[in-house]
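Trainee: Straight from TrEMBL, here's the annotation block:
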- 1-19: signal peptide (SIGNAL)
- 65-89: transmembrane segment (TRANSMEM)
- 96-114: transmembrane segment (TRANSMEM)
- 150-165: transmembrane segment (TRANSMEM)
- 171-198: transmembrane segment (TRANSMEM)
- 205-226: transmembrane segment (TRANSMEM)
- 283-303: transmembrane segment (TRANSMEM)
- 323-342: transmembrane segment (TRANSMEM)
- 348-369: transmembrane segment (TRANSMEM)
- 381-400: transmembrane segment (TRANSMEM)
Amino acid sequence: MARWHIWFLALFLVPAAHVFVAPYTKVEESFTLHAAHDVLRYGLSPANWHKWDHRTFPGAVPRSFLPPIVLGLLSYPIAALASAAGLVTTSLGIQTIVRLVLVVCFASAFTHLARTLQRRYSTSTADWFVVLTLAQFHIPFYAGRTLPNFTALPLVVLAFSLLLRDRLWTGIALLTATATVIRLEVALLAIPIALALVIQRRLSFLSALSAGLVGGFGSLTISAVIDYKLWSPTLPHSSLPDFTPRHTLWPELAAAYWNIAYGHADDWGIMPRSYYAKALTKMLAGAAPLLGLGIIWAFVLGVTGKRGHVFDNETLRRTVAGVARTLGPGVVALMLVLSTVGHKEWRFIVYAIPVFNIIAAACAAALLVLPSRSFRMMVRLGLTVLLAITVAFSIFSTYVSTHNYPGGCIWRTLEAARLPAGSVIHFHSYPLQTGSSLFTFVRTNATSSAFPAPQEVQWVYSKSEDPVLQTPQGAWLADIEAVVTDRWREYAESEIDGHKMWSILGGCDGYDGVQIGKGGLEVRTSPKIGLLRRL
Ligand SMILES: *[C@@H]1O[C@H](CO)[C@@H](O)[C@H](O)[C@H]1NC(C)=O
């Protein structure tokens, strides 16, 4: 087995394990997840477009359908095979397949980058890059989550890898395309990187411009047609009052403009300036000190200019200089510009982590070949401790995070309830935001070759936002059979004409916090969602 096979396997298996440990999804993932669902369920035929989820539930801003359509098409053969072979028996299994396909994209891109590091720098740098990436928490946990940032990440990392291989034009074109279609903040990487390459005279201005134009307009030509066709019948929509069909020709630009120009970005919360420094430390974990040391080490070597002494390492110098020269301008610009925006989220800067991990990996690799024996022992011990801390933090974070999807497990409670065929089950927004997805609606009547055959007993799932259905009386009078809600106490107590309307059948717990208890750190949970049935 070649070394890169092992890298690929590891880069697939660790995030895949996360998919199985935390199989449910959050609202941020749902646009891409549900669009991929609709591709698998209804195909691409315009005759079925009216059944797609965004027609009724378009989300907070319009996004491009190109990534979910690609993800759905990639998943289709596997989903169809697994369904036909009986490997999956519920639609939830298909959700797992879609997420695993995203993990394959992730593993392919990161393996590509590791092979670049091996070729250009050293095999041990590549090894350490893979080890550090997988020991950390955020990227492996989210690699199989259909957030736009994580459909963008494999493409961004592939672009980084191409740039480090001096395939500059292709790298810039790919970054621009990703920025145009998936996440506009990737432009904060693409533009400074392209400008720096032009200033360094590694790429002519005209080539940089043509890469940007081809990447940007090329991808937009494809996505605009798809997005306009799929979005325009949805608009105008009460959830998206500020958007017209014209905006959906380029959803990323329209959404960014809406967020920034209308000041909506701050609606999501304002974070202090120090937010990204803290977020980076958490994301890097044990790689943070290696990153710091690597930069200082290479800097001192560069300043002194003396060669061939004990602490000199040509590979380290080349790695840090190469990465800093090619990718540094993008990473610095991304973080500086986003620090000026009030609303901050760690995933906006997630693309910086692989770059920092390369430097940390080069530092670890160089430390391990320092000549002095006693030094080497210390280094081994130090690296082991750093890795152990990182892995322990990741395992703990994973354990905590698994409690964050109370809306997911409710489908099991529903299965146990054995409701009669045709029952209408109404979902409130909280369970839909915390784990109940179209894939967890395991008893729908739609047939598709990408899904297991429908269950014998079928139910009707309601996500309706009609205010009448959001009250105990309204739902009861509307002949709803069961309600899934975070307000189950209110439902259980409410009465009509002196008798109760709803009884609790079960529920799911969710995360409250972490505390120090008898057994060390304990995760506190409490009931978050209840399933109620009409009396
Ligand atoms: C520098 O570090 C690399 C590991 O990245 C190692 O393979 C190489 O032997 C080191 N070179 C010197 C001159 O110490």
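Backbone N, Cα and C define each Cβ position, glycine as well.
Please treat TrEMBL annotations as automatic predictions, because they have not gone through curation.
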Trainee: What stretch, picked from 171-198, 283-303, 323-342, has the most CB pairs under 8 A with the transmembrane segment (381-400)?
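Mentor: It is 283-303, which has the most Cβ pairs under 8 Å.
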Trainee: Of the listed stretches (96-114, 150-165, 171-198, 323-342), which one yields the highest count of Cβ-Cβ distances below 8 Å with the transmembrane segment (205-226)?
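Mentor: Ranked by Cβ pairs under 8 Å, first place goes to 171-198.
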Trainee: Counting CB pairs under 8 Å, which listed stretch among 96-114, 150-165, 171-198, 323-342 touches the transmembrane segment (348-369) the most?
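Mentor: That would be 323-342.
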Trainee: Against the transmembrane segment (323-342), which of these stretches has the most C-beta pairs under 8 Å: 65-89, 96-114, 150-165, 171-198, 283-303?
Mentor: 171-198
